[in-house]
Amino acid sequence: MLILGASLPSQVNTNWQTYIMIAIYFIILLIIGYYGYKQATGNLSEYMLGGRSIGPYITALSAGASDMSGWMIMGLPGSVYSTGLSAIWITIGLTLGAYVNYLVVAPRLRVYTEVAGDAITLPDFFKNRLNDKENIIKIISGLIIVVFFTLYTHSGFVSGGKLFESAFGLNYHFGLILVAVIVIAYTFFGGYLAVSITDFFQGVIMLIAMVMVPIVAMLQLNGWDTFSRVAEMKPTNMDLFRGTTFLGIVSLFAWGLGYFGQPHIIVRFMSIKSQKMLPKARRLGISWMTVGLLGAVGVGLTGIAFIPDNHIKMDDPETLFIIMSQILFHPLVGGFLLAAILAAIMSTISSQLLVTSSSLTEDFYKLIRGEERVKTHQKEFVLVGRLSVLVVAIVAIAIAWSPNDTILNLVGNAWAGFGASFSPLVLFSLYWKKLTRAGAISGMVAGALVVIIWIAWIKPLASINEIFGMYEIIPGFIISVIVTYVVSLLTQHPGDFVERDIEKVKSIVREK
């Protein structure tokens, strides 16, 4: 999660050339949105999932861009700058989590969502997988998505508004509205196809930025000797283990557990044209992620030497990338690099808007209007999907209008909330035949509650014992797994169709 608040130092200047680059970037996004709109046929599955026709390259980079958000460009460099190389453990945990997600979840989820009634949302898949005729699990999981993603989306709008405030000295609300209008436009009209293509485009920009800035900074300093100097400035800067503990490392690693339950990421697997394309997507996606994260660490480490060398007073470490990009490069290039920050922020906003819209349309409106109506009134449901994008965005903007630190801190824990409530359920749904509806609901609710309780009442006790300060996804995930397993063994199995479906899924996944 990216929170920008500090103004930039006086050494950082922006001019008309920077504005031109930002304007070009916005125009390209709108053109892609228009392309997505022209390609649309009025089919709900196409609007929400691209008609399951997305290729491996767009799948890989759009998944990465929507996942990393402004955290990779702003948050991680700031963390490395503040704490040194020990911050790298979270990047290792995330990379391993993403790799396992591609390997274990992606193939089966792509096939199973189609086998199980051609589900286009995660709650719809849970409902079909567990034969939930009362739609209880669909409603509960849909509510979790709508509530938490609305808050998640608002944090993205706050980041966009504060970027314009910090980098350009513009009014926060002007920046907020500008970012919102562009994102809403291409998401509203272009749907999933436009969101995926823009995320691909934005993923390319982010990667270029994360390669350029640390390399140029290192060349301006002392080449490879920069890292020796960083270590001399403070020994813990280049030490993987100093400044952290075993439990701290485990907590950072545990971020990887969240991948299996993030709706805006795993929906990319559901939309790919064929599960046979997933190995190619995995290779590209993990390569993109590895290079990008290493670049972010490089920005943080070189920044430790760069900031004092240039006599810069930096109040907020999260502005490190902005400062370095504007001092090191020509305004045109600096504008491109600022566009990379916007790309990171907007790619996540658009993905979350669309997932929330999908849930409102597929998991709630469809229940009200009836399953049969979808077949004969596709355009009505596409219109509802578009209006849902607008409604969610307006609510998120309203919350973001007066940023509240308490809300932003809550949003920062949403990854753990989704990870603890959805990750075990996704894995059990794909691999365990004995999973029951009661087990799924109990485990999902238990995981979410443990995360909330841990954040509200247990984490404040960290000063008493370090174990209370562990990342909340760890106890949430463990409790969710135990509850799901035990309750499923004690309740009625959904039926023989589950075994048939899982065997069919396994057979299709094995096809080369």
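From the backbone N, Cα and C atoms, a Cβ is placed for every residue, glycine too.
Under the heading transmembrane segment, Swiss-Prot lists 54-74, 85-105, 139-159, 174-194, 200-220, 246-266, 288-308, 327-347, 381-401, 410-430, 438-458, 467-487 (among others).
Contact between the transmembrane segment (327-347) and the transmembrane segment (200-220) is present: at least three CB pairs lie under 8 Å, with pairs separated by 6 or more positions in sequence. Counting Cβ pairs under 8 Å to the transmembrane segment (467-487), the stretch among 54-74, 200-220, 288-308, 410-430 with the most such contacts is 410-430. Segment contact is absent for the transmembrane segment (200-220) and the transmembrane segment (410-430), given fewer than three CB pairs below 8 angstroms at sequence separation of 6 or more. At the 8 Å Cβ threshold, with sequence separation of at least 6, the transmembrane segment (85-105) lacks contact with the transmembrane segment (381-401), having fewer than 3 such pairs. Taking residue pairs at least 6 apart in sequence, the transmembrane segment (288-308) and the transmembrane segment (174-194) share fewer than three C-beta contacts under 8 angstroms. The transmembrane segment (246-266) makes contact with the transmembrane segment (410-430), as judged by at least three Cβ pairs under 8 Å among residues 6 or more apart in sequence. Put simply, of 139-159, 288-308, 381-401, the stretch with the most CB pairs closer than 8 A to the transmembrane segment (410-430) is 139-159.
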